[in-house]
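Novice: One structure, as structure tokens, below. Some questions next.
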Amino acid sequence: MQQIQVNLGDRSYPIHIGLDLLKQQQTFQSLQSKKVFIVTNDVVAPLYLTQVKAALADCASVDVFVLPDGEKNKDLAHLEQIFSALLEKNYARDTTLLALGGGVIGDMTGFAAACYQRGVPFVQVPTTLLAQVDSSVGGKTAVNHPLGKNMIGAFYQPQCVIIDTQCLHSLPKAEFDAGMAEVIKYGIIWDAEFFLWLENNIAALKALDTQALTYAIAKCCAIKADIVSQDETEQGVRALLNLGHTFGHAIEAQMGYGNWLHGQAVAAGSVLAAKTALALGLLDALSVQRIENLFRAFDLPIDGPQSMAFSDYMRHMRRDKKVLASKIRLILPQAIGQAGIYSDVDEALLAQVINPS
């Protein structure tokens, strides 16, 4: 088992990465609470709930709340259902919430933990690649609103993150590929050598080779832990992690949450960011081609929806959380392994990138 530390003073926590961790009692023995409330969904529950409950049996009493699967259920109505379940059973602040699932479950459970009785501990147990390398680490918790993705939320750090690489063997191919979009993102914004490693290990990753997966997950978590330790609440360098997300969130909102997987939207958004950087003279054409080719290797889209006009993008992008002083801020790659934050990109240039004539 590998361990990576997120250093945030008295709120620091470990990320545990290994094979078959969910079957091992020692995985959960460090939990502070003797009462655990598991939040999961109706897809993950049949796969992993029994083994997690068995691993917890000797160290905590366990209750379970099962949500319907899907991004469309990441809303205030389903969040309220979690609160109602906790209140009806009189759970107090000595309860630990455990998020067993992908990014939707992790985001909702974390936000519920941040709000319930003004804050209770929670643990992230991500079961998708996207959640393992990105959303489970760093304390971003939220639900969606019809007018924007993740618009209602809080920064609230987990007690720990438990990543079992065996979970990836049950993922549908499209979900695995969507997770690779976030993996590739780390190479683009932060680590050119990792990007090259990804280019050279496509076959091993697609074959779910344990060693390759563990290396990639640990590398992503280490990068994110470093960034979050420097900038927990996204006042500076953490914003780089949003490469592709400004365009991507616009795609998700326009097409309806769940119709495009988050990773698919991030892939298309990252290519739009790279093309914007090319148009501005920040990035060379070969780097854009490498970015496109790596996303293509995992069957990810490199173009946004044909039905989506420039005006559709702009309507949603103006509501983006990174907007500052009414200016859209874009994360743009400057080279493979390096990115920056840019405001006031000319809208005529963006229009040409998004809908080239």
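For all residues, glycine too, the Cβ spot is worked out from N, Cα and C.
In case it's useful when we look at the structure, here is the feature table from Swiss-Prot:
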BINDING   69-74, 103-107, 127-128, K140, K149  NAD(+) binding site
BINDING   E182, H245, H262  Zn(2+) binding site
Novice: Please tell me which one of the binding-site residues listed here (E182, H245, H262) sits closest to I105 (NAD(+) binding site), measuring Cα to Cα?
Specialist: H262
Novice: Cα-Cα separation of N73 (NAD(+) binding site) and H262 (Zn(2+) binding site), in Å?
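Specialist: Answer for this pair: 14 Å between alpha carbons.
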Novice: CB neighbours of D107 (NAD(+) binding site) within 10 A?
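Specialist: Within a 10 Å radius of the Cβ of D107 (NAD(+) binding site) lie 26 other Cβ atoms.
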Novice: Cα-Cα, whole number of Å: T128 (NAD(+) binding site) versus E182 (Zn(2+) binding site)?
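Specialist: So the alpha carbons of T128 (NAD(+) binding site) and E182 (Zn(2+) binding site) sit roughly 12 Å from each other.
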Novice: With every protein chain in view, how many other Cβ atoms are within 10 Å of the Cβ of K149 (NAD(+) binding site)?
Specialist: 23
Novice: Which one is it, among the binding-site residues E182, H245, H262, that lies nearest to G103 (NAD(+) binding site) by Cα separation?
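Specialist: Smallest Cα separation from G103 (NAD(+) binding site) among E182, H245, H262: H262.
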Novice: Say you check the Cα of D69 (NAD(+) binding site) against those of the binding-site residues E182, H245, H262; which is nearest?
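Specialist: Closest by Cα: H262.
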Novice: Write out, in the order they occur in the sequence, the residues of the chain not among E182, H245, H262 that have a C-beta within 8 Å of the mean position of the C-beta atoms of the recorded Zn(2+) site.
Specialist: L130, D134, A181, K185, G244, G248, G263, A265, V266
Novice: In sequence order, which residues at least six apart in the same chain have a CB under 8 Å from the CB of E182 (Zn(2+) binding site)?
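Specialist: In sequence order, L129, L130, V133, D134, C220, G263, V266 meet the Cβ cut-off.
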Novice: To the nearest Å, how far is the Cα of D107 (NAD(+) binding site) from the Cα of H245 (Zn(2+) binding site)?
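Specialist: Per the Cα atoms, D107 (NAD(+) binding site) and H245 (Zn(2+) binding site) stand 16 Å apart.
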Novice: Between the Cα atoms of E71 (NAD(+) binding site) and H262 (Zn(2+) binding site), what distance do you get, rounded to the nearest Å?
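Specialist: Between the alpha carbons of E71 (NAD(+) binding site) and H262 (Zn(2+) binding site) there are 9 Å.
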Novice: Quick one, of the binding-site residues N73, T128, which Cβ has the fewest other Cβ within 10 Å?
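Specialist: Sparsest of the binding-site residues N73, T128 by Cβ contacts within 10 Å: N73.
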Novice: If you skip the near sequence neighbours and keep only those at least six away, which residues in the chain come within under 8 angstroms of H262 (Zn(2+) binding site), Cβ to Cβ?
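Specialist: In sequence order, the residues whose Cβ lies under 8 Å from that of H262 (Zn(2+) binding site) (at least 6 apart) are E71, G103, L130, A178, G248, E252.
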